[in-house]
Amino acid sequence: MEPPDARAGARRAPRLLVLALLLGAHRGVKAEVRLSVPPLVEVMRGEPVTLDCTPLGAHDHFVLEWFLADRSGVRHRLASAELHGTELQDKVHDSRGRSPPYQLDSRGRLVLAEAQVGDERDYVCLVRAGAAGTAEATARLNVFAKPEATEVSPNRGTLSVMEDFAQEIATCNSRNGNPAPQITWYRNGQRLEVPMEVNSEGYMTSRTVREASGLLSLTSTLYLRLHKADRDASFHCSVHYRLPTGRHGRLDSPSFHLTLHYPTEHVQFWLGSPSTTAGWVREGDSVQLFCRGDGSPNPEYTFFRLQDKQEDVLKTNLEGNLTLEGVQRSQSGTYGCRVEDYDAAEDTELSKTLELHVAYLDPLELSTGEELSLPLGNSTAVNCSVRGLPTPALRWTKDSVPLGDNPTLSLRSVTFDSAGTYTCEASMPAVPVLSRTRSFKLLVQGPPELRAEETQPKAEGGWREGGEVRLTCYARGYPEPKLSWSQLGGSLAEPAPGGQGWVSSSLTLKVTSALSRDGVSCEASNPYGNDRHVFHFGTVAPQTSQAGVAVMAVAVSVGLLLFIVAAFYCMRRKGQPGCCRRGEKGSPPPGEPELSHSGSERPEQTGLLVGGASGGARHGSRGFGDEC
């Protein structure tokens, strides 16, 4: 709301303008003094402001005075300034208790440091220029203050929607603003158009207080008739305030919700976390039952079980939860929940029921033990039985290969291939997480079955003497057969790759003509019989002639070496008589007796003796030459 002085000034402005026009149009009237004064000055609280009053034209002498016009129209002189030539002498006469006081600048303008709300007045500038005349103008000063943060105080009590009149919702406060702000209310972001007049559907009240500082505080209280739809509504208030140059600001309060009391209209009852989408739960699991009414505050909930049309109360609480720990098949049946809300309408259905289905699957039973032994070629049947709810489906498999979906497994004319592990599996399509299995092992008794891995020669044209060969035999039967070889060196029997009860043994040896003639046999045996296989090599070629050539080459080499040694020795003895010739018998020298040759003495020995006896340096060479 604008002050009365502002409105009066606004009304006087057009009149002064008309008077000026009339004077200007009248012949002989001439306004010699004109002023430049802004009619409206706007400033934020706490900021400095300067009010301008400038005489237009050239004047050597004038007196400028500033007046403050109060609300009754009385003027109070604040300051004055007098121009002498080029010097302006100023003086502040009365600051009216303002702190800091009024000031004049070098141009005679009125300066207000730190604008206050109390400065919001009309300021009159009067100029006297002697013969040139007198002129005055008024400047209106508006001081704006942004209010503090908006505060809201909601009603924290429980409000009933069954009341047929408007109830207090909240109070909104905006403090220390200028001019007075406006408060609007919002629900879910939409502005509430509520009147100021009291009525049963809704209204608001407002109160403005001027603080000691001169600032304005506004309080607004909202009243509404509430409905159930308001239980989740978000409320808040907004303060709209003005700023200089026609601008506006807005401060929103925090949003809040109301606590409402309204009766139950609908009840929901459901099973929490069932094992399947079909509603089945597994035996032994924990089951939760949830009951919810849409009334507020939370009513009391009673859980019960219907047995022979009688209610067996299980639990009563305010949470609306019931947990059945380790549920058993005997707990299948009808369960109910009742909301105890005495404010609900008479035709409201406050009870709900549901069916609890407990799925169970007992261990499987087989008509045989964990092992079943059958003679080769015999037949039998194995039954698999089970109890469960819902009805389980049965399936037989052997080593993960499906065999059929019947409870009875027929085994006809069994072979060794029939041996293995058979499994009966029970499952429930409606409860995928519930299944059981039971297995037995089939053993087929019979004499060994033998097969050999034939080995081909590495060389073209057949086997050769001394070639290496690896022989392998496979056998199966029950009891597990033993494998033996006609030659030493066979490996111990071990399971063969591929399974099916086969075991294998290998023998590595060199091929000879004798093996080619007799062959090599492996034999598999168990208490029910034996089986034998003979490996034949056919014709075995002898070793290649390269071996004889090698022997002859060695002999020739040795002979050549001996010949070279003999030749080298003869060259060393060259020039020695009788060297390198056959030994001759010479007659002894005169004067020496002839030695007789005994039967045990060889001529070579005789020569040596002769040479040694006649010794000396004279015959030493001859005697060694005889040795040659």
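The backbone N, Cα and C atoms fix where each Cβ goes, glycine too.
Feature annotations, courtesy of TrEMBL:
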type     : residues : note
SIGNAL   : 1-31     : signal peptide
DOMAIN   : 14-142   : domain 'Ig-like'
DOMAIN   : 147-257  : domain 'Ig-like'
DOMAIN   : 274-355  : domain 'Ig-like'
DOMAIN   : 363-441  : domain 'Ig-like'
DOMAIN   : 448-526  : domain 'Ig-like'
TRANSMEM : 549-571  : transmembrane segment
REGION   : 578-628  : region 'Disordered'
COMPBIAS : 609-618  : compositional bias 'Gly residues'
- Query: Using DSSP, what's the helix, strand and coil tally for the domain 'Ig-like' (274-355)?
  - Reply: 3 helix, 44 strand, 35 coil
- Query: Quick one: DSSP breakdown of the domain 'Ig-like' (448-526) into helix, strand and coil?
  - Reply: 6 helix, 40 strand, 33 coil
- Query: Under the DSSP assignment, what numbers of helix, strand and coil residues are found in the domain 'Ig-like' (363-441)?
  - Reply: 3 helix, 44 strand, 32 coil
- Message: What does the DSSP secondary structure composition of the domain 'Ig-like' (147-257) look like, as residue counts for helix, strand and coil?
- Response: 8 helix, 59 strand, 44 coil
- Query: DSSP helix, strand and coil counts for the domain 'Ig-like' (14-142)?
  - Reply: 18 helix, 60 strand, 51 coil
